[in-house]
Each structure stands twice: as structure tokens, then as C-alpha cells.
Amino acid sequence: MEKITESKLNPEKELKRNLCVHHEEKLLLFCKEDRKVICWLCERSQEHHGHHTFPAEEVVKECQEKLQAALERLRKEQQKAEKLEADIREERTSWKFQIQTERQRIWTEFDQLRNILDSEEQRELQELEGEEKRILDSLAEAEAELAQQNQLVKELISDLEHRRKWSTVDLLQDMSGIMKWSEIWTLKKPKTVSKRLKSVFHAPDLSTMLRTYRELTRVQCYWVDITLNPINLNLSLVLSEDQRKVLSVPIWPVKCTNYGILGSQYFSSGKHYWEIDVSQKTAWILGVYCRTRFRNIKFGVRQGTVHQNVYSRYRPQCGYWVIGLQNKFEYKAFEESSTSHPRVLTISMAVPPHRVGVFLDYDAGIVSFFNVTNHGSLIYKFSKCCFSHTAYPYFNPWNCPGPIILCPPCS
């Protein structure tokens, strides 16, 4: 394009360029093999014998069309590059803002933690000062009472010593009763004060709490939106319209102990996390179900029959990696056993979980349960799980009032 512009500005120079340097004839032909512009005499020379030649105007037109197409394509590529560059700048600005927002949030959170610690420190110190005042006041009162008694006994001793110098007649005629009082007087001991403080402050293990919470936030990165599967729903279960809440309503004369329901989502690889609100429940079973080759025990207990153990199905051999709550306060984990019944482990819970997090690492064979209510402390962990098929979230509201509620991500 620059050469074309230059030729328009310098016509005389361009005229000379259009003549053959060997024959001074106009350059009207184009040799395809040598890719040169030649004159008609050059075409007949031995140098270009047998070569394919074309009128230069046709070749120029074709070249200009190719140039134009190349220009248009490159301009489009330039526009794409500029757009991508602008997108990257915008993304960088967005990331900077996001990082700064998170940095500010971290500062704010830790400032609040420091304020809480400072407030708790002041409260503990005030309680200690109050206890110090009570103890010292009590000791001061006891000291004053002892000083008063000491003064009284000193006066009695002085009076008795003075009477020892009296005459026999005066001593016998003394009817003041001081002798009798001196004989019965005894020291009144003050109330004893405990040598130990009522309460000794013990700082919580914040590093462990933060580490535990960090583990929870790590698995929460894999939070998936789980809904309940209405297919094959037990007739004693009521499912909400958004398929996030399930409630057991035993209305049938046939007593059934299988209140289980699966999630609509299923997994055959990767890491996945979900949370369940069980704050209104007094019994539940939660975890992961995966169909196994082992024939599952069927439950449909009718009135008049007694099953030895309604929890027999809940073990890894039958495809269940679950924990549960029984009788309001008994938390259990159902492990593998060599017998027909699971090995039921009692779980100690410092804070009853109102919200339980379930983490599935399918490839690593891990199912973990977290007490979200207690800073994300680990409730129980199944390791070396053998998932032979797709794994499903499993929920069992059991036959007690109150719903199980699936929490949406980051709620």
C-alpha cells in the first residue's frame, strides 16, 4: 500500500519503473515461475522459455484482492486482539477490586476478632477484679472482727490481772460476773475464704479453631446445588415444591422404617460438598449412597413384627456411608462389620449440629461430615471408600417431626 501511494506521488519515477531494464519495453507480463514482471521480449527469451506468463493487470487485480482480503482479516484479528486486551485489562481491574475487597474483609474480620478478644479480656479482668474485691473485703471484715475480739480479750486479761492485786475481801465481794464471762469467752473464728479462685480463665485454642474453619472453607469451594429426587418417593414423605425440604408424615397403618430419599444429582468423579439444616430434627441419617453388588436388606416392617435392628442396612458393605442422630442426643456412625449388623460408633459432640456439611471426594474414596454450627469441626470421616457405581447424596428424615432442609450454595 505504501508503494502504491509512493507511485501516485512520483509519476515520472513510476514511469521508469514500468520499463524493462533490458529492452526498455513496457512491463506488461508476469512470469509465474520467476515471479517477475517482464516485457514481451523477455517472454520470448531463453530465460523465460516454457514459463507461464499472464497479463500484469490481471495478476495485479488478483494481488490487490488478496491484499484487501488479508487486510480485512488482519484488521479483524487486530480488533480481536484489542478486545482481548481490553477484556484482560477489565479482568485485571475486576481481580484487583475482588482481591482488595477480600483483603478489606479479612482486615475487618480480624479487627472484629481483636475487638472481641479485647472485650473478652476486659470482661475477664473485670470479673477477676470483682472477685478480688469480694475476697479482700471479706478478709478485711474478718481482720476487723479479729482485731475487735483481740482488743476485747486484751481488756479482759488486763482486768483479770488487775483483780489479782485486790484484797481477799474485795475479790470475794466482786459480783460483776467478769470471772464467769472470762471462763466462757471463746474466740469466734471468721468465715473461711477459699484459697482458690472461683473460675480460672482458659483461652480457647484459636489456632485449632481457625485451622478447622479453614478446612471447612476449603471443602465449601466444592459446594454443589443439591435437590431431592421425587422418583420412588416413600408415601410417608412430603416433598416441598422446590425439592429442598422433606418431611416425614406417618399416616399409613403399615409402619415403615425406610424413610430414605436420594438427591437428584449423582457423582462418578471429583469433589462435591453440600449442607443440610437439621435444626428442627430429633433423629436423622445423612451421608452418601452407592449401589453395591451386595444385596441390600429390605425394610417394610408391618405391625405385629419386630425387626432386630432397623439400622442393619446402614453400613459401607451395603453402599451406605452415613452418620445419624437417635433419641435427640445420641450421634452415631455406622461402620463396616463382619456380622450382619453394622458396627455402631458413638460420636461425642461438644456442640449439637444444627447444620451438617457433607464432603465427598469420589476419587480419593473419602466421605467427611462437618459440624458447621461449631466452626466446621469434623464430626466423622470415612476413608478408603470403594465406590463401584455412581454415588448419590442420601437423606433420611426418620419418623420424627421437623423437616430436613437442603441449603443452597453459600447460604
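Yeah, the Cβs are placed from backbone N, Cα and C, and that goes for glycine too.
Keep in mind it's a predicted model, so treat the numbers as computed, not measured.
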Which one of 125-159, 160-194 shows up in TrEMBL as coiled coil?
125-159
Summarise the model's confidence over the coiled coil (125-159) as a mean pLDDT value.
88
Let's see if you can do this one: DSSP helix, strand and coil counts over the domain 'B box-type' (15-56), in that order.
12 helix, 11 strand, 19 coil
